[in-house]
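Taken from Swiss-Prot, the feature topological domain 'Cytoplasmic' applies to 1-30, 83-91, 147-160, 227-252, 311-319, 372-380, supported by experimental evidence. Per Swiss-Prot, the feature N-acetylmethionine maps to 1. The feature phosphoserine is assigned by Swiss-Prot to 13. What Swiss-Prot lists as transmembrane segment is 31-53, 60-82, 92-114, 127-146, 161-183, 204-226, 253-275, 288-310, 320-342, 349-371, 381-398, and the listing cites sequence analysis. Among the features that Swiss-Prot reports, topological domain 'Vacuolar' is placed at 54-59, 115-126, 184-203, 276-287, 343-348, 399-411.
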């Protein structure tokens, strides 16, 4: 043996690591990262409770409550996994992933509700998502972002462009409702309902085409207009995350994405399945549950993110989340659900009531007015929040369809 030859080689001095142990360690680390990624994850304790109560058909009210609370953190985990996957997929594919899975919870809940024949819940939840984003989220952003500042400024042109597109989208959604409101009620209601169904399906196809063109505008032809907002998103989200230096692998993101989607589907099934019992036991109308309660499930994570971003004085990003979510609902989720109803032979229409139409018009008008000057303060947030509370109170006392039909028959 040569004198310079080491007694132990480097390979022998460090035993090879077991790949299985390394994989398990990485999986545990990813799980810890996901569990700490959102301040809402403490609600995960309700996931097993909701599944157990739903599987064994225990108290309907508790089943609804537990699954309602369970879906909130699951939606946050789903959004986190989608964002991680989008970051590694590039701008175009990543944007499409965010556009598709950004409203996954609303889609899952709505599809299950449609399959169970809960058309009224689906219609109300679509409208409720728009109202909560335009009034509740916007108001909270203005309040928490401006409580210690004289005023906050944001890109007036970008905000107005998004708001104008939202106004057009909401106007197109209201055309079938206006069509129905101008026609007399009587023996020909069945014939008129058929025409409204056909109009809703045609309108939905047009809106979805506009949505595809909007995605091309945002991700393709005018991508430069949104680059600054994307950079701000990465910067702010890295500061919000409790471990900004860690990121999920593509495999981990896919596993979490698929696993969370499956769990949300079970929770949503139990949630929707108990709505009728909750209506009977609490006296709440289906419209109120769909309009006020259900939208919180899918939007709570985005609401928290918007407020945290606004508190860091990133109002362009906060408005982008609030108005962008509204655009997703108006241009994609709502017309898509009409087509899903068409495929499964459920008459899902865009026929909102006159009162619902009025509230949506008020929400769009007020949100456009508040961002008109490119400045905001906490008092404007109070105005927006107060309007949302007034609308919620009105729908709390607004009778459901059965009550209205019985009143109409008695007259």
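The backbone N, Cα and C atoms fix where each Cβ goes, glycine too.
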In the same chain, which residue numbers or ranges, 6 or more beyond the ends of the topological domain 'Vacuolar' (115-126), come under 8 angstroms Cβ to Cβ?
-> 106, 109, 272-273, 275, 286-291, 294-295, 329, 333-334, 337, 341, 344, 346-352, 356, 400-401
Contact check, the transmembrane segment (253-275) vs the transmembrane segment (60-82), 3+ Cβ pairs under 8 Å, seq sep 6+ = yes
One stretch in 60-82, 92-114, 349-371 has more Cβ pairs under 8 Å to the transmembrane segment (320-342) than the rest, namely 92-114
In this predicted model, what is the average pLDDT of the topological domain 'Cytoplasmic' (147-160)?
-> 81
Outside the transmembrane segment (60-82), at least 6 residues beyond either end, the same-chain residues with a Cβ under 8 Å of its Cβ set are 34, 37-38, 40-44, 46-47, 49-51, 53-54, 97-98, 101-102, 104-105, 109, 248, 253, 256-257, 260-261, 263-264, 267-268, 270-271, 274-275, 277-278, 281-282, 293, 296-298, 300-302, 304
Which bits of the chain, at least 6 residues beyond where the transmembrane segment (92-114) starts or stops, bring a Cβ under 8 A of a Cβ in it?
-> 71, 74-75, 78-79, 82-83, 85-86, 121-122, 125-126, 129, 215, 218-220, 257, 261, 264-265, 268-269, 271-272, 294, 297-298, 325, 328-329, 332-333, 336-337, 340-341, 344, 346, 348
Which residues of the same chain, at least 6 past either end of the transmembrane segment (204-226), have a Cβ under 8 Å from a Cβ in it?
-> 91-92, 95-96, 99, 158, 165, 169, 172-173, 327, 330-332, 334-336, 338-339, 350
What residues in the same chain, six or more past the boundaries of the topological domain 'Vacuolar' (276-287), come closer than 8 Å to it by Cβ-Cβ distance?
-> 60-61, 64, 118, 120-121, 124, 356, 395-396, 398-401, 403
With the cut-off at Cβ under 8 Å and a gap of six or more residues from its ends, the chain residues touching the topological domain 'Vacuolar' (54-59) are 66-67, 266-267, 269-270, 273-274
